[in-house]
Amino acid sequence: MKLIEDYQEYYNQRSMKLNEIKEPSTIFYKCKLPNFGPKCQYSLDTYRFSHALLSELVYEFYKNKYKATTRTCYTDLKCDRGLSSICLAWYEICDGIVDCFNEGIDEKYCWQLNFNTCNENEYQCKNGQCIPRDFFQDNSYDHIECLDESDRYYTDKLILIKPITYDPMFYNEDIQYIRYKHARSTTLRNIELLTAEIFIETPSSITNDCWLAFKCHYDIIKQSDPACNEKPFNISFLDIINMTCPEQFLIPATPIAYTHIYFLYHKTIFISNDMLTPHYICYDKRYCDGFLSNRTVISFNNLTCRKPEDFPIFFSTEHTNSKVAYYIDEIYKQLYQCNTMFHNNSAICNNSKMYQCLNSSKCISINQLCDGIVNCNNHDDEDCSLINDTCKKGQFKCIISKKCISIHLVGNGNCDCNSPSIDTCTDEIGISYDQKNDVPYRFICDGYPHLQPVLIGNQSETDETECDYWECNNIYTRCNSKWNCWNGADEINCNSDLKCPLNHHQCISSETFKLECLPLEKANDGQIDCVGATDEPKLCRSKESVPLKNFYCKNDTNYTCIYSHELCMENNRCLNGEDKQLCSVFENISKIESICDYKYESIYTDEHHFICTRLEENYELQDPYFQLEHVNFPKKDSTERIKTTAMIREHDRAFSITRSNEQRCHRGLPLHVRLANKNNTSVEACLCPPSYYGETCQYDRQRVSLTLQFKVHSDSRRVLFTFIVSLIDNDNNERTIYSYEQNTYFYFKDCSNKYNIYLLHPKYSYTKNYSIHIDVYEKISLTYRGSFYIPIKYRFLPINRIAVQLTIPSKIYQIKTCSDQLCQHGHCYYYINDGENRTFCQCHQGWYGKYCTIPHTCQCSSNSSCIGVTANNQSVCVCPINKWGYTLFSS
């Protein structure tokens, strides 16, 4: 941006005073794709000649799902995990599980979240965070405002909406992974990587040979690993375990869970039962109890050890050959009561928002009552019976089953109130379309009746009547990945990646079971050409009231449609085997879940990718709003050249580009940097997203993740606004702006828009008093409309996830001033939204600081407004309608 503005200033001088122009000190290079930078020294590795814009390159790169090979580290909090090889990730802080031996520092201050109180117009997330009630389950996959996902949205039949992009946005980055309650493939992957780190170092009680043989034999490290090839000739790993391991040994070198739980193995048991299932599970009895009595327990290294069945802990027989990550995962889920949170702390436990476990010094948040997870030794937190026909605060009353559940289980995608024998799921009614009075625009005339019939003029009307007059191919339905037209005409020629000619659909041939291109005229012609009848959507839509049974079994005698989201599951098969070829790849997996589950993507064929994507068309869509960005304007001729002067040097590509999908930069874009030497060599580098930093984007960045939505009064709906969001240090006299972003708001375009804004901290500190300051101006006149204050309450969090709705004042609103004599070169104002009557000084141009006492030469252009100074002494400028950039020289 600085380079652009320097060139704009130089260009303006040439245009206005050609004869008086001074030679600039900067040489401007004209870069050719894919090079960029002040001297064209950077080049993105993923560039292809077909990329006309940087946005195309980024979009294509993030279409591919990212599979991490290492975990990221949050280094601003010093955590002792028992091994130097294991770091703490940001999502392990305040996740309800103690990971650090040094005073449980990762959970030390998190009790404050439980004491948070939300306003009546707010929804309280399970972790204590408050969000606007309007944001709760607001029908969009990328609008998740609760850090713990407790506000996520489910569609009919409890199908979670999935992301359709993997770019590093809020939905993919600012979600906390909970180890004992994971549904995301990302969470599973992080558990696998953490397990691998735990098993790196050799436990002190055994030899390196014993440890290596154990890891190789049980596939904790792959047997193809070079380390596993060093065993003596013709000796099995089991023989090495028998020869080198002690009679009983504790693994791994650090606890597998809750800072005190280990697995204990007996060498003699290996001989008769060659399974990885832990022989004993050892724990510190100070932290958990209440297990089966009259069982034989043993002591080992000051720990109490029980057989799994003596807790009881149940390991599924289907997982007898599972990897160690499965057993660790089950420990987290089944022994959650062994967590070391909130012991002997009366200052915390005596609060009304906490529950004291019976006959115990342990206390938990009331949000954890009846949530399906045992926290107390006596299991009293899961005693969910009604008391005087009512439930406790924070619980939901199940009408039919006469029990209580946590309010956070309502609408979570599972039927928690009733048993499978009861058809009505009272805690999930809110997500059924059957009783709705309105539906999203995209559901009108889609073949499924979502509204109850209404009698209008003696005619029974629903959202599916009079559809012959409905234009199915329009600006809202065009290329939205769903067939709104029966023949899919609204989705023709939308995907340039498809290897099909124009006016063709892709589908799986019902004859060859291979992908083929189907002419448009063969879609919805009454003849089934594609597996699952994806070319004949009427067949299932006319039979089903919800858009879930949309895989058509062609040869079944009763012509059934089965659940597309449960393909290949035992009770969801085509009777005559039309789905057999799709399912054959998964035959060796017992109790197969839907083949469209994330976990099976590694063994997909192209046909699996197609069918899972195609049949999810009904769930992954947002409600459409008309936006100018969706209008396709003609591109300029790619051969057009601009005139250059002697001061502009063209720069050709200086080194070759690696066209590789290797994701060596964690969530970042891989690039090369050309070195300034005679050999013209380059080095690898990474362009990291805001969430990460480091050579390979391997470190988690402390940040504020702000979701902002505006409302306006009726007299301001035609006013174009600009707003500046700043992260401010309130402790110093400079009132330093560490991070800021400027954007525009126009009611008719942005009335329902959510602005997702990253504000980055300079350095971790418990003591720093940061806040968010938002200034609002009219864009054309730069008339000041007021400022908003948003506190950052929890400084101990690596990510402060904040979501707010703000109302811009009316035109007639009088900004409230204050008589603070300390504002020497400015005005004292009250914040619009702050109930505590906080004030601030708005400085005159040329001054900044807490009291406007520090002089500053404004770097903004003459027709703009200078409203602050950043930590690197750069002016913060309010842009007029025809300007943009840091100093607004860019037009």
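Here the Cβ of each residue, glycine as well, is placed from N, Cα and C on the backbone.
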Cysteine from Cys843, Cys858, Cys860 that TrEMBL links to Cys852 by a disulfide bond: Cys843
Candidate in Cys828, Cys841 joined to Cys818 through a disulfide, as TrEMBL lists it: Cys828
Densest Cβ neighbourhood among Cys818, Cys828, Cys843, Cys852 (disulfide-bonded residues), 10 Å radius: Cys843
Non-local residues, at least 6 beyond the ends, that sit with Cβ under 8 Å of the domain 'EGF-like' (814-853): 732-735, 773, 784-789, 806, 865-869
Nearest-integer angstrom distance between the alpha carbons (Cα) of Cys818 (disulfide bond) and Cys843 (disulfide bond): 14
Between Cys828 (disulfide bond) and Cys843 (disulfide bond): CA-CA distance (Å): 9
The domain 'EGF-like' (814-853) [mean pLDDT, rounded to integer]: 91
